[in-house]
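Copied from TrEMBL, the annotated features are:
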| type | residues | note |
| --- | --- | --- |
| REGION | 1-35 | region 'Disordered' |
| COMPBIAS | 1-10 | compositional bias 'Basic and acidic residues' |
| COMPBIAS | 21-35 | compositional bias 'Low complexity' |
| REGION | 88-124 | region 'Disordered' |
| COMPBIAS | 102-118 | compositional bias 'Low complexity' |
| REGION | 225-258 | region 'Disordered' |
| COMPBIAS | 233-258 | compositional bias 'Low complexity' |
| REGION | 412-444 | region 'Leucine repeat II (LRII)' |
| REGION | 549-623 | region 'SAW' |
Amino acid sequence: MDPARCDPRRGYAYGCGVGSAAQGPPARRQPRQDAAAVASGGVLKRSLAEVERWQQALYLRAVRQRVAAQAAHPPIDVGAVLARAASRGSGFSGPPSGGFAGLSPQPSSTLSSLTTASRMVTPPPPMQQLLQRQVVPAPPAPLQAAQAVSGGPAARPATAREMVLLQELEKQLLGDDDAGETEAEGSACGSTVTSSAWGSTMKELNSITAAPLPSLPMASATSNYNSLPVSRSPANSASSSTASSTASSSPPTSAASSRQLLSEAAAAIADGDRAAAAAHLAVLKVAANPRGDAEQRLVAMMAAALSSRIDPPSSQQLADLCGAEQRAACQLLHDVSPCFGLALHGANLAILDAVAGQRVIHLIDFDVSLAQHIALIHALASHRVAGTCLKVTAVADPTSPFTPALAQALAATGQRLTRHAQQAGLEFRFNAVSCRPGEVDASRLGCEPGEAVAVNLAFALARVPDESVSPANPRDELLRRVRALGPRVVALAEQELNTNTAPLAARFADACAHYGAVLESLDATLACNSAQRARAEAALAGKAANAVAREGPDRLERCEVFGKWRARFGMAGLRPLAIGQGVADRVKARLGHASPGFDVKLESGRLGVGWMGRVVTVASAWR
């Protein structure tokens, strides 16, 4: 073996990254040993000094050494460091970006002689404990009391003053700020921190550690703690969530802290920590105000939704979600909320444009909306086309849990629509058909030659199960059956919200933003204490509970964003029918002088309706 290849002075690639070799400080050339001894297989002898230099090269492979010798680097003036730390403590904003991750533990006994020869001096145990302390805001008094009662370690978080001190010491010890450093050949690596300096430093640090925390008013301390985002590592999620739930024992004092507690509760549920989630929700329920402003109402609504997830839903709760009262409340929501009503109006206008000039119009609807059809009847009657006939066929899926409430309302809905058509002078026929998505065809629905067929899927398709619930995929099967009808137009209006396949954390965040925007928009249209608003918010509460508290087949309404609907329609063979600028202008005209927070946007042939920049619903047309 070539002895030069074993020479430790050549350096080794020793776990410092791919393709990197840790080079030790170059040593003076030593006379080569007897070549005969090497050739005969003898051991190449090394002096004790060479062995120590080799050990030092291995231990210090990740640390750059300064060029100057001991004389150019006098010992650290610890008093000056502490003085600078004290003077800058009030303005300190956090630890350095590098932290103290570069400090290595003390090596084994074979390298003990190097601990005093290196600038990377291993701190004493008190210093190690302080360096390893996680930098978090000081918890409120209830958290400290809870830790004392539970018998857990009551480790105090580092203060800003301590972290400034540690930052100064890190700069002096590691010295990574000199870009032009090189390694001096054969120079000594003695530490510039003397034992007396370490003693003084330890005294100062111990005095800081032992100093009591400044007393803060309870409201201020709690507000600051709860308003900061909390992140948990996977390995420490249980202990962190327990501490977080204990820290939230006092009610939140701001909207930001309430949102933070909601997010923590959702994260705890996703992690399977029901105890922590229940603790967060108990605090939120105390502070919740379902009759407050929009933010307070949202917190109360989402807290109730998460609570219903912790407790297994009963059969009665699932029945209420698709019952007659929930259906009536949703119909009212469509009437009083421009975010929903304008999307339905856009769908109506797309239908009217597609069937313009036709004498017999056959509208196939999978969830009849009374307000939408009344508006459609009056619009057709206003065109004054002689002999115009409107046929409406309501399709009910006997396997859907929403069908009983729909069937109960269909008879009354048909009668009211007939009266409105008679008053408007429009020939009108109403029929109801019960069939599964896979059974939809022209003969079953009573389609006749010469009819202009239009299909209305407004706020109905999200209630049809897809492949994530049933292997039969009734949602896509229904779209294929609808295409086989040869309709002139298929109108779609849905919430711009993903509550289908997204994980809980994403569903919760999206639902908070979505339903928060709807609640804020209701402030512009309804009084806070009106009976209509209470029913509309009850409908929203049911939708929110369905979105975040149900899994599998129990999540009955599964909304998707427009991009996913576009993919489904395309796979079914339907192509987009662009909504024109004229339709968008008429929708905006209907908005009138309502609050400027509402927004109607026409983009790529689809119509988006939203509040304060958040798109809530999207209307589109297909054929």
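Every residue, even glycine, has its Cβ placed from backbone N, Cα and C.
In the predicted structure, the region 'Leucine repeat II (LRII)' (412-444) carries a mean pLDDT of 95. A Cβ distance under 8 Å defines the sequence-distant neighbours of the region 'Leucine repeat II (LRII)' (412-444), meaning residues of its chain 6+ beyond its ends; these are 368, 370, 373-374, 377-378, 380-381, 387-399, 403, 464, 472, 474-475, 477-478, 481-482, 484-485. Across the range of the region 'SAW' (549-623), the DSSP-based residue counts are 25 helix, 22 strand, 28 coil. Per DSSP, the region 'Leucine repeat II (LRII)' (412-444) is made up of 19 helix, 8 strand, 6 coil.
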